[in-house]
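Among the features that TrEMBL reports, NAD(+) binding site is placed at 10-15, Asp35, Arg40, 91-95, 132-133, Glu166, 278-281, Arg348. Under the heading substrate binding site, TrEMBL lists 162-166, 222-226, Arg262, 269-275, 340-341, Arg444. Among the features that TrEMBL reports, active site, nucleophile is placed at Cys278. Residues annotated as domain 'UDP-glucose/GDP-mannose dehydrogenase C-terminal' in TrEMBL: 334-449.
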Amino acid sequence: MKIKNICCIGAGYVGGPTMAVIAQKCPEINVTVVDINENRIAAWNDQDVENIPIYEPGLSKIVEEAKDRNLFFSTDVDAAIDKADMIFISVNTPTKTYGIGKGMAADLKYIELCARQIARVSTTDKIVVEKSTLPVRTAEALKNILDNTGNGVNFQILSNPEFLAEGTAVDDLLNPDRVLIGGDIDTDKGRDAVQALVDVYSHWVERDNILTTNVWSSELSKLTANAFLAQRVSSINAMSELCEKTGADVNEVAKAVGMDSRIGSKFLKSSVGFGGSCFQKDILNLVYIAKSFGLNEVADYWEQVIIMNDHQKRRFASNIVKTLFNTVSGKKIALLGWAFKKDTNDTRESAAIYVADYLLNEQAEIVVYDPKVKKEQVYADLDYLNSRSEKENRQRVSVVNDPYTCTKDSHAVAVMTEWDEFKELDWKKIYNEMLKPAFLFDGRRLLERDTKEEIGFEFYAIGS
Ligand code: NAD
Ligand code: UGA
């Protein structure tokens with residue numbers, strides 16, 4: 001079967017970029033991305049393509065090319081579902097904050113709402129694609145809802161997890177290591193559905209890079225990939241602490257072990273801790289699933305990745321306090337970067353939030369500069385923690401538009417995000433305008449020690 005109309009529910013970091021690329025590469029398919037968030041849809045529809053709600057290098061150009069040709073953004077979810085032959089569900093699946101599984105399990109309420117809406121609205125056969133990251137066997141629950149409340153419509157459910165990373169989303173989508181499609185490969189209809197999605201990706205992805213599996217393998221592969229990736233970061237971060245005690249340098253260790261082709265060199269960059277909306281959420285979900293099957297050793301093994309990451313963030317913050325003569329009370333600390341990594345405006349679970357919170361608890365004054373994160377977002381992130389009143393967050397934290405205003409008169413500067421522009425700053429000027437001794441903490445191994453020490457900084461970098 002040939003797909004003519006695609007609907008994607010969820011116009012976020014995954015739905016937006018993924019559908020923009022599908023629309024660009026498949027001009028004969030109409031792609032409609034829908035969301036209940038009116039502001040988000042309005043931003044996608046903004047006449048000035050630079051105002052789209054997600055910052056990703058290269059994305060605005062693709063949106064510009066496809067928008068209003070075969071790429072549409074709308075809040076009319078029902079209409080888009082009705083028209084589509086293929087529906088991607090790309091809504092958020094955050095960690096549950098209530099009830100059974102609170103703090104661990106994935107909250108599937110948005111997924112279930114989508115399924116019920118699809119069941120209610122559909123009058124023709126549909127292929128429903130799980131794009132969101134979901135616990136293994138979610139497709140079973142989806143099928144139950146769709147088959148029991150539908151109008152005699154045939155639904156095929158596919159799992160097609162997304163592996164893009166923020167900041168490199170466009171490149172990851174255009175040149176994926178692999179595309180994974182899980183489907184009911186034991187039936188003709190299931191195989192047809194898988195083929196229909198294979199045909200969409202085949203517009204630009206080599207057939208050999210499109211992997212088809214059963215649904216459960218596909219669902220579990222996504223959680224596994226994120227767990228392995230996060231585990232590498234926690235592994236190198238664990239070593240960073242040992243490096244600091246022994247005179248070894250974590251970058252040298254990472255290079256040496258990474259040159260072993262069995263280990264590989266990628267994803268071994270020590271940091272102040274991984275952030276982002278998914279690693280922690282997906283590992284907690286994995287831990288919850290393992291526990292629910294009574295697999296306590298499996299659960300404990302993966303939970304350690306999170307424990308290590310929390311330790312790394314805390315350790316970085318407590319080292320600032322310790323180095324500043326055991327008190328930061330009333331001291332101005334400048335944080336360069338708030339996003340969870342460079343080249344994104346996303347701040348979800350960013351290490352900077354937790355470091356700031358720790359320092360605020362020690363009564364520090366915080367000033368933040370990030371090239372892509374808005375002031376309101378910084379406050380929203382801190383308010384969400386509920387550690388102090390919203391008023392106090394605004395009194396004690398300021399967010400500025402310029403790195404030199406941020407660092408001026410500060411006791412310490414901490415690099416929280418590895419934005420390229422931080423390498424190019426006039427560090428001599430920064431040093432001259434800081435209080436002395438001028439402390440510089442590099443949570444990303446972004447800066448060169450020698451040149452900074454030459455200027456006069458008291459320099460501390462993770463893992464050396
Ligand atoms: P997001 O929060 O940026 O976007 C989700 C969107 O879905 C929101 O705009 C929300 O308003 C919308 N939504 C929720 N319920 C809806 C409903 N019933 N009808 C219409 N719209 C609805 O989330 P995201 O970062 O795009 O992640 C989505 C999924 O993809 C998650 O499961 C995540 O784990 C997974 N994922 C994310 C990334 C990433 O880099 N962010 C990468 C791979 C996979
Ligand atoms: C991650 C995965 O890389 C994607 O494959 C996956 O699709 C996505 O999660 C998801 O499911 O949401 P993302 O979180 O966008 O992507 O970004 P990463 O590049 O993985 O970085 C995650 C965090 O780890 C960042 O805070 C980053 O700074 C940190 N990190 C990464 C390190 O500290 N060291 C490294 O070597 C790599």
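The backbone N, Cα and C atoms fix where each Cβ goes, glycine too.
Feature map: annotations from TrEMBL on the structure.
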residue: Tyr13; record: NAD(+) binding site; Cβ contacts under 8 Å, 6 or more apart: Ile54, Glu166, Ala169, Ser277, Asp346
residue: Glu162; record: substrate binding site; Cβ contacts under 8 Å, 6 or more apart: Val14, Thr18, Ser90, Lys131, Thr133, Lys222
residue: Ala165; record: substrate binding site; Cβ contacts under 8 Å, 6 or more apart: Asp172
residue: Leu223; record: substrate binding site; Cβ contacts under 8 Å, 6 or more apart: Thr133, Pro135, Val136, Asp282, Ile283, Asn285, Leu286, Ile289
residue: Asn226; record: substrate binding site; Cβ contacts under 8 Å, 6 or more apart: Thr133, Cys278, Phe279, Asp282, Ile283
residue: Ser270; record: substrate binding site; Cβ contacts under 8 Å, 6 or more apart: Ile236, Asn237, Met239, Ser240, Val250, Asn251, Ala254, Arg445, Ile462, Gly463
residue: Gly273; record: substrate binding site; Cβ contacts under 8 Å, 6 or more apart: Val233, Asn237, Asn309, Asp310, Gln312, Lys313, Phe316, Ala351, Tyr354
residue: Gln280; record: NAD(+) binding site; Cβ contacts under 8 Å, 6 or more apart: Thr95, Ala230, Phe274, Ile306, Asn309, Glu349
residue: Phe340; record: substrate binding site; Cβ contacts under 8 Å, 6 or more apart: Glu166, Phe274, Gly275, Gly276, Asp346, Thr347, Arg348, Glu349, Ser350, Ala351, Ala352, Thr417
List, in residue order, those recorded positions out of Asn92, Ala165, Ser270, Cys278, Phe340 with a Cβ under 6 Å from any atom belonging to ligand 2.
Ala165, Cys278, Phe340
Using Cβ atoms only, which residues of the same chain lie under 8 Å from Gly10 (NAD(+) binding site) while being at least 6 residues apart in sequence?
Val33, Asp35, Phe88, Ile89, Ser90, Val91, Asn92, Lys131, Ser132
What kind of secondary structure is Thr95 (NAD(+) binding site) part of, going by DSSP in three states?
strand
Just the binding-site residues from Thr95, Leu223, Ser270, Gly273, Gln280, Phe340 whose C-beta lies under 6 Å from any atom of ligand 1, please, or none if there are none.
none
Near the Cβ of Asn92 (NAD(+) binding site), how many other Cβ atoms are there if near means within 10 Å?
18
Take every residue in the domain 'UDP-glucose/GDP-mannose dehydrogenase C-terminal' (334-449), average their pLDDT values, and give the whole-number result.
98
